[in-house]
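Per Swiss-Prot, ATP binding site is recorded for Gly171, Asp172, Arg173, Gln174, Thr175, Gly176, Lys177, Thr178, and the stated evidence type is sequence analysis. According to Swiss-Prot, the site 'Required for activity' annotation covers Ser364, on the basis of sequence analysis.
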Amino acid sequence: MRLNPEEVSWVIQQEIEKYHEDLSLKFESAGRVLYVGDGIARVWGLDDVMMSELVEFPDGTLGIVLNLEIDNVGVIILGSDRNIREQDIVKRTGKIASVPVGEGMLGRVINALGQPIDGKGAIETKEFRAIESSAPGVVQRKPVNEPVQTGIKAIDSMIPIGRGQRELIIGDRQTGKTTVILDTIINQKNTGVCCIYVAIGQKSSTIAQVVKILEEHDAMKYTIIVAATASDPAALQYVAPYSATALGEHFMYNGKHVICFYDDLSKHAQAYREIALLLRRPPGREAYPGDIFYLHSRLLERSAKLSTELGGGSLTAVPVIETQANDVTTYIPTNVISITDGQIYLESDLFYAGVRPAINVGISASRVGGKAQSKAMKKVAASLRLDLAQYRELAAFAQFGSEMDKTTQAQLVRGERMIEVLKQDKFKPISLSKQVMIIFTGTKGFLDDLPLPFIKNFENEFYLFMDENHPHISNSIEQSLDLDQKTMEQLNEAVTKFKSDFKLRYQI
């Protein structure tokens, strides 16, 4: 039988047209799973896939492409790998990982993918934002010039934080790092600032405790908690801080002010090390991959104070690093110290000595926050850091028991009282005006002749006295953020009167 080529082509053409009529063919780029385990998969056949692209497994689980190799791609699985098998088909989505953003997220506890895990139902929001985005450029930024009031006397007076700054909290475990964060969140009530707390690799019970504390202080309504617990895969712990930053960027680009707390980046680095080793990336120092610095720098560089043209919003980053045996010279702590604009160092020796918050002022620093500090605080706390530094030096010398002159004794007395003034109960942030007034009292020498056990009572009763008898002084400081000569004289008179009454009452 002899075939006519024209007839054959006509028949083929008819068959093709029939397909066009019956169904619209969809071409998908797909590959097959070569290996799966420990939260990662190696996939063959995805030749045209992009770096960081989302891919989908047959059970609906998503993964992010993290390694592009000659014959396969390495994928981190965002969820359980229990139902994924070798030879399963993996499809490209053509999308980069993104999370839902918007006002509807406030007050909720979500996972690293933006899905609610607090049992309060679905989140109503239609906006999404890519978890990875480039940091604002130099022209888009503005110098840090507005303060973030933490409500903690030691921080607001000596290590001030500005909106758009990156300030590291560093210290051993159980030294009060999370307490400093919770105090700061509670103090943002009625300021219009949104707070995002990212829990990386923490116990679920710890996160539940954080939620309970914030609810008790009515702080959840302006807070988002992003939880990647210790039981979550390393991939979700790796993604969580980037998702939280995307949430914060949405508010920042809409002209709002956001503080993002990353608790903590040590566990984040460990999760990334685990992923990198499983993907067979070459290990470097302490077995971390070569791009571990870039992991944190690209995250923290997204924090900024935007220019007025872009709305003037800000994203302040407060990362946490956990040290071992007070050693800040190891790899990850030194990396993050060099990326951030300052650090608050919490010391276990101070914590156990009863100095809480256990801030070591000598090692702590704020490289840009001083420009944002209020004028009132600058005036009263100017000599505070020097007083404490001199006290620490003299206290070490005084242990030898040698005789000291009156000036040295006066410096020791002043230092002891200022340390007592800077102690603070947890979850009780103090307003700017009260901080200014009590630090003024200490630095001007009003407390020098009071016995140490009475300092706490003096402080508490002094606040009540000022609220009842001199509310105009507090109002003046809160409104102008300054302490003019007239207000300073009024404050001086008020402190003098209160002190004489206090000494009579306690027969000092």
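Any Cβ shown, glycine's included, is placed from N, Cα and C.
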Residues close to ATP site centre defined by Gly171, Asp172, Arg173, Gln174, Thr175, Gly176, Lys177, Thr178, Cβ within 8 Å: Glu322, Leu346, Ser348, Phe351
Distant-in-sequence Cβ neighbours of Gly171 (ATP binding site), under 8 Å, six or more positions away: Lys177, Glu322, Thr323, Asn326, Tyr345, Leu346, Glu347, Ser348, Ala358
Least Cβ-crowded entry, counting other Cβ within 10 Å, from the binding-site residues listed as Arg173, Lys177: Arg173
Largest tally of Cβ atoms lying within 10 Å of a Cβ, found at which of the binding-site residues Asp172, Gln174, Thr175: Thr175
Cβ neighbours within the same chain of Thr178 (ATP binding site) - under 8 Å, at least six residues apart: Thr206, Val210, Asp263, Val320
Under 8 Å by Cβ from Ser364 (site 'Required for activity'), counting only residues of that chain that are 6 or more apart: Met158, Ile159, Gly342, Gln343, Ile344, Tyr345
List of residues, in chain order, with Cβ under 8 A from that of Gly176 (ATP binding site) and at least 6 apart: Leu346, Phe351, Arg356, Pro357, Ala358, Lys426
Reduced DSSP assignment, Lys177 (ATP binding site): helix
